[in-house]
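Under the heading domain 'Gfo/Idh/MocA-like oxidoreductase N-terminal', TrEMBL lists 3-120. As annotated by TrEMBL, NADP(+) binding site applies to VAL9, GLY10, ILE11, ALA12, SER39, ARG40, ARG41, TYR93. Taken from TrEMBL, the feature domain 'Biliverdin reductase catalytic' covers 128-240. Among the features that TrEMBL reports, Zn(2+) binding site is placed at CYS277, CYS288.
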Amino acid sequence: MFGTVVVGVGIAGLARIRDLMNPMPSSPSEHLKLFGFVSRRDFGNINEAKQISLEDALRSKEIHAAFISTENRSHEETIRMFLEAGKHVLVEYPMALSAKAAHELWEMAEQKDKVLHVEHIELLTEEYKQLKKEVAGKELVKGTLHFTGSVLDENKTGFPAFSGIARLTWLIDLFGDLTVTSATRVKQKDKNYSRMTVHFQTTNKKPLTWIEERGPGMRREKKINFCFTSGCLENFPQAPRSAVGLFMQDQNLFAKKLLGQVSKEELAAEKWRILRCLDLAEVIQQHCEQPEKICS
């Protein structure tokens with residue numbers, strides 16, 4: 001059994017507590033036992049999970065792994081603390097808000113022989129699984145992924161290339177390695193509006209565009225337009241509803257890693273994808289900030 005603690009009790013943290021307290025029968029998650037949760041706010045207990053201090057979570061010999069569900073800005077520091085304390089770590093994406101920090105943390109986990117698992121539930125949705133099947137084996141001509149959503153507090157979530165890294169992860173997972181050819185960002189501060197546009201090339205020199213757009217009242221939505229030599233895909237293929245929740249699927253994957261049930265090849269491919277996306281996110285931010293376009 002692996003003793004666990006959940007750090008941060010927002011939407012993701014509460015889902016983690018729920019799933020740790022109710023593991024799927026006969027799944028790897030049955031090897032995880034929740035010892036408590038850490039929060040800056042005073043809750044006492046949540047359901048039957050008890051609140052403990054950060055110091056106790058770091059010191060406890062009964063706690064082997066931390067589930068980090070804090071705001072993006074504090075991921076790096078929290079991961080570092082738990083790795084230094086000799087704990088395995090599951091963290092919600094993005095694992096850090098700089099590529100340098102991400103590489104350092106991964107190296108630290110490897111030196112300490114600890115699992116560092118970064119949640120990317122966007123790859124576990126039935127919608128995405130069907131899309132990946134649809135794209136497989138087709139030759140890309142050009143493509144666009146356009147995301148819209150409500151306003152984020154960038155002081156907490158980081159630059160849009162990092163907070164929106166789920167979209168970048170989709171593109172890398174679908175089309176392989178990418179190179180940034182240009183990236184710009186328009187902000188209308190008076191309207192609390194932001195639009196980041198990134199142009200990539202695939203290894204076959206095919207163009208891909210990622211648009212991340214946020215403003216008050218904007219619906220959370222993804223639109224695709226992927227054109228292949230065989231035709232264009234403009235709508236998501238229909239997908240069945242999964243019987244297993246996304247956080248539970250992710251938790252099972254983390255438990256499999258703790259139990260040594262994931263191949264070295266799979267682990268290496270996942271490490272490359274996560275770090276490559278964070279490298280690209282940093283390149284995108286650098287492009288956008290030279291200079292940033294601000295409209296009054």
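Each Cβ is built from the backbone N, Cα and C atoms, and glycine gets one as well.
The shown structure was predicted, so the numbers you read here are calculated from the model rather than taken from an experiment.
Counting every protein chain shown, the number of other Cβ atoms lying within 10 Å of the Cβ of TYR93 (NADP(+) binding site) is 21. In this structure, ARG41 is the one among the binding-site residues ARG40, ARG41 with the smallest number of other Cβ atoms inside 10 Å of its Cβ. Secondary structure of the domain 'Gfo/Idh/MocA-like oxidoreductase N-terminal' (3-120) per DSSP (helix as H, G, I; strand as E, B; remaining residues coil): 47 helix, 30 strand, 41 coil. Remark: of the binding-site residues VAL9, ALA12, CYS277, CYS288, the most isolated position is ALA12 (fewest other Cβ atoms within 10 Å of its Cβ). Within the same chain, residues at least six positions away from GLY10 (NADP(+) binding site) with a Cβ under 8 Å of its Cβ are SER69, THR70, GLU71. Across the domain 'Biliverdin reductase catalytic' (128-240), DSSP helix (H, G, I), strand (E, B) and coil residues number 30 helix, 50 strand, 33 coil.
ILE11 (NADP(+) binding site) and CYS288 (Zn(2+) binding site) are 30 Å apart (CA-CA, integer value). Fewest Cβ neighbours within 10 Å among the binding-site residues ILE11, SER39: that distinction goes to ILE11. Looking at CYS277 (Zn(2+) binding site) and ILE11 (NADP(+) binding site), their Cα atoms lie 24 Å from each other. Summarising model confidence by region, the domain 'Biliverdin reductase catalytic' (128-240) averages a pLDDT of 96.
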